[in-house]
Structures are given as structure tokens and as C-alpha cells.
Amino acid sequence: MSLEWQARSGSLAWSNPVSWWWGLLTVVSGVNIAAWFVLYRELPVQSGNAGSSGASSIGIMLLFCAAYVFGCAFRSFLPRADVQRICLVDTWLSSVMVGRSVATVAEVCFVVQWAIILHHLGTMTGADTVLNVAWIIVPLILIAECLSWYAVLTRNYLGNAIENSLWAVAFFAIGVALCRLLPEFNGVVRVILIVAIGGIACFLAFLMTIDVPMYFKRWRTGDADGDKRLTPREGLRDVSTRWVVTHDIAEWKEEMTWMALYFSLAVWSSLALCVFYSLEHHLPQYRTQAAITSRASSAPIAGSPR
């Protein structure tokens, strides 16, 4: 199968802001990878049960984190914009088929991390709201990923707009779950919950004021390389065989902000989830007395009729 390659103007000299942006992404991703290896070394990856050689629950969490950390690093080292089919490096690894596949696996693993955390906290506290959120966020993101693929294959930015709206819905639900957990904990755990809620609020503000409107604007104006729509079948061949190498700041300026935030802050949150989950056995000591008393009083008494 022949590969279609095209180059556009714009050198990648250090005078080009794209060079500094790409360099920053690369450095941050290198640090993120190093941080993951530190966690892998320091946290109890193997099960502590006698005679067991399987991975511990934190080991599984680190596995999901690895998919996200290394997936985002791959996308940082070889940046691309999917619908536009543009990239910085001329290699088949820059194809949208490869990059979008990596992104899909990484993003699903990231939301699975959140589901595991919420399920654990919901089970500990008996909070049905938290458990319900833990069950719905993964299906929501799977739908979002399907819409992302639709947008990429057909070159229709409406799919991206709806995809990111679903991410907003999922993280709004996570924020609600964390708010529900606030009365259950005190001390440092409550502080962590408040920080997480604040971070989610900032993420939602970014999505709804910048990211989603950007995709809606592109959809309305037909800003997709001449507004050339494709069928899914045509798109499947296109994403596998065509990539446009460009270092032009005009082509990348709208991608730079979200990529910089996504490949740094979002990855740090994935690493932080591993650290938090490793403290699972210490969480009960931070339960509020009121929450403990309330759950004890609502628990069924042995031998009592149901």
C-alpha cells in the first residue's frame, strides 16, 4: 500500500515556537516516565498474600497508569492533529491510525483508574452515589472514544465536540461523587478530595469554554482541510496512509494549549491516583466519627428480621 506524504512550510528551528512547545512536551513526558518507574519501584506491586505470586491491586492500578503515561509520552514525542492529518515527524508512527489507537487505549485506562478509586471509596463508605458513578463513567468514555473515531475517520468535528462534551459529563459525575465523599473523611484525605474537586472544576471550565466551543466552531466553519468529508471506509484508508508534516505555528497554535495541559496535568493526576490508591489501608483512620456512627446505626443487626 502506497503512503501519501506531504510537507508544508515552516522550519523547526529554535526560533519557531513550535520547537519550544515540542521540547517542553518531550521533557515533561520524560519526567512522567521517570516518575512512573519510581512508583513502580517504591509501591508494593506484588501481592503480599502468602503463597501468592500475582499482582497486587496497586500493581493493577500501576498497569493502567503505565498505559496512560506511556501513551501520552508517545503522543508527546510524535505530536499529531488527527482530523487535520498533520504531524511534526515524518514516520509511519505519526499516522493517525497508530496515534489514535494508542490514545484510545490510554484514555480508557485513565478512566478505569478513576472507576477503581471511586468503587473502592464507595464500598468503604457505603455511598451509593459514588458506586453508581464508578459504574457509569467507563461506558460514557467508551462512547466518547467511538465518537472520536467517527470524527477522525469522517473528518467531522461534530464528533470531537460531542466526545469532549461526554468527557465533561463524566468528570462532572466524578466531581459529584467526590463532593459526596467530603462528609465521610477528615484531615489530609478531605484536603485531597477538595484539591481533586478544584482540579476537576478547572478541567470542566476549560472543556466548556475553550475546547468544546473550538470544535463546534470548526464544525460550523468546515475547517478541515477544505471541508472534505469522508465516509468511514474512505477515512480508514486515509488515517492509515496519509500524514502531512508541518512545523507552521499557524497549523498548531490551537492544538498547543490543550496538548500541553493534557500531557502534563492529566498525566500527573493519573500518577497521583496510584499514590492515593496505595494508601487504601490507611483511609479508615481518616473517616469522620459522624460517618462511622451513621453507617454503624444503619447496618442490620444480626438476627433481626429483614
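Numbers here mean position along the shown chain, with the first residue as 1.
Glycine too: its Cβ is placed from the backbone N, Cα and C atoms.
Note that TrEMBL annotation is computational and uncurated.
What TrEMBL records for this protein:
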- 20-39: transmembrane segment (TRANSMEM)
- 60-78: transmembrane segment (TRANSMEM)
- 98-118: transmembrane segment (TRANSMEM)
- 130-152: transmembrane segment (TRANSMEM)
- 164-182: transmembrane segment (TRANSMEM)
- 189-210: transmembrane segment (TRANSMEM)
- 259-279: transmembrane segment (TRANSMEM)
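Ranked by Cβ pairs under 8 Å to the transmembrane segment (60-78), the stretches 98-118, 130-152, 189-210, 259-279 are led by 98-118. Between the transmembrane segment (20-39) and the stretches 98-118, 130-152, 164-182, 189-210, 259-279, the greatest number of Cβ pairs separated by less than 8 Å involves 259-279. Residues 164-165, 167-168, 171-172, 174-175, 178-179, 181-182, 257-258, 261, 265, 269, 276, 283, 286 of the same chain lie 6 or more positions beyond the ends of the transmembrane segment (189-210) yet place their CB under 8 Å from a CB of it.
Sequence-distant neighbours of the transmembrane segment (130-152) (same chain, 6+ residues past either end, Cβ-Cβ under 8 Å): 82-83, 96, 100, 103-104, 107-108, 111-112, 114-116, 118-119, 121-123, 158-160, 162-164, 166-167, 169-170, 173-174, 176-177, 180-181, 232, 235, 239.
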